Amino acid sequence: MTLESMMACCLSDEVKESKRINAEIEKQLRRDKRDARRELKLLLLGTGESGKSTFIKQMRIIHGAGYSEEDKRGFTKLVYQNIFTAMQAMVRAMETLKILYKYEQNKANALLIREVDVEKVTTFEHQYVNAIKTLWSDPGVQECYDRRREFQLSDSAKYYLTDVDRIATVGYLPTQQDVLRVRVPTTGIIEYPFDLENIIFRMVDVGGQRSERRKWIHCFENVTSIMFLVALSEYDQVLVESDNENRMEESKALFRTIITYPWFQNSSVILFLNKKDLLEDKILHSHLVDYFPEFDGPQRDAQAAREFILKMFVDLNPDSDKIIYSHFTCATDTENIRFVFAAVKDTILQLNLKEYNLV
């Protein structure tokens, strides 16, 4: 064999090896691209306290590992803090709304609760348990609770305050429902990925309060679906940040902004009209027409109220070709969310069949 032919032979081996490596790289790139496409990014949006964090907790219960005993124990302190926060809010409101205590000893109880530094609460001591129970049973405090739309009070207040005896027992372990009801304002961005039918659903929850929204911007890339939560029960409430602005008007303004963002042109929009259970209770004594004069349906009718609210949001969509998928939900009800998310998952997969190699 001549030197030239040997060199040609070596060269062709090198070329072959180089081609093989290139082919491997191309193959890996295609695989990476396909795998990236098999991840769906779901962005949870909505104003503060619309139920986004509760929705993520439900995904962990329904499609993830749920909450172990140790996980639940980690919520104990937060449950106690939620109880103190709720009673402090009512004690302050009693003063603002000039409501009198029926039982004289509750003035001292109110003072005792007021002086607690909630962030330092880690236990639920006997004297505080008694003070909170006595306050909650006071007709004055009950009147204050009935006027809760006039001040800021967590939706979970009644749930916890009517169950103080159970929560105050030695060795108390929060139930799944206790965990779902805990209110902790979301600061920053929380991601929860879960695997369904070989596809990763990456749910991203961003803080709903105004100060948190500027952090959203970098979440806007490659969003498969926008899941926008509206609290149906907020039609008569004002904002945490501004007490002369209606919460539902703020929610409408945010929804209008979101659906017209160019980033979301190709993202499907799913509207969750949440807290339907609270609406059913509230509509009996707080009339929708007092806050939205254009409502001409019957009073005390939850169905008419929610259909009106749905239409208000759907009418904000400027693009007649874009479908807005909607569901009425109760984020604290695991079975309701299981049922609704099964439908949502089917919708999302149907819309992404070709792109995700599902056909």
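Using the three backbone atoms N, Cα and C, a Cβ is placed for every residue, glycine included.
These numbers come from a predicted model, not from an experiment.
Taken from Swiss-Prot, the feature S-palmitoyl cysteine covers Cys9, Cys10. As annotated by Swiss-Prot, domain 'G-alpha' applies to 38-359, with the evidence given as sequence analysis. The annotation region 'G1 motif' is assigned in Swiss-Prot to 41-54. Among the features that Swiss-Prot reports, GTP binding site is placed at 46-53, 180-183, 274-277, Ala331. The annotation Mg(2+) binding site is assigned in Swiss-Prot to Ser53, Thr186. Feature annotation from Swiss-Prot assigns region 'G2 motif' to 178-186; the stated evidence is sequence analysis. Annotation source Swiss-Prot lists region 'G3 motif' at 201-210. Sequence annotations record features per position, and here Swiss-Prot assigns region 'G4 motif' to 270-277. Per Swiss-Prot, region 'G5 motif' is recorded for 329-334.
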Problem set entry | Residues near Asn274 (GTP binding site) in space but at least six apart in sequence (CB under 8 A) | Ser50, Gly51, Phe55, Leu229, Val230, Ala231, Leu232, Thr329, Cys330, Ala331
Exercise. Out of Glu49, Asp277, which of the binding-site residues is least crowded by other Cβ atoms within 10 Å?
Worked result: Asp277
For this session: Could you tell me which three-state DSSP class Gly46 (GTP binding site) falls into?
Result: coil
Seminar exercise, completed: Counted with DSSP (H/G/I as helix, E/B as strand, rest coil), the region 'G5 motif' (329-334) has 1 helix, 0 strand, 5 coil
Exercise. With DSSP helix as H/G/I and strand as E/B, how many residues of the region 'G2 motif' (178-186) fall in helix, strand and coil?
Worked result: 4 helix, 0 strand, 5 coil
For this session: With a 10 Å radius around each C-beta, find which of these binding-site residues (Ser53, Thr186) has the fewest other C-beta atoms nearby.
Result: Thr186
Exercise. Counting all other Cβ atoms within 10 Å across every protein chain shown, which of the binding-site residues Lys52, Arg181 scores highest?
Worked result: Lys52
Seminar exercise, completed: Nearest to Thr186 (Mg(2+) binding site) by C-alpha distance, among the binding-site residues Gly46, Glu49, Asp277, is Glu49
Exercise. For Ser53 (Mg(2+) binding site) and Arg181 (GTP binding site), what Cα-Cα distance in Å is obtained after rounding to a whole number?
Worked result: 10
For this session: Would you report the average pLDDT that the model assigns to the domain 'G-alpha' (38-359)?
Result: 92
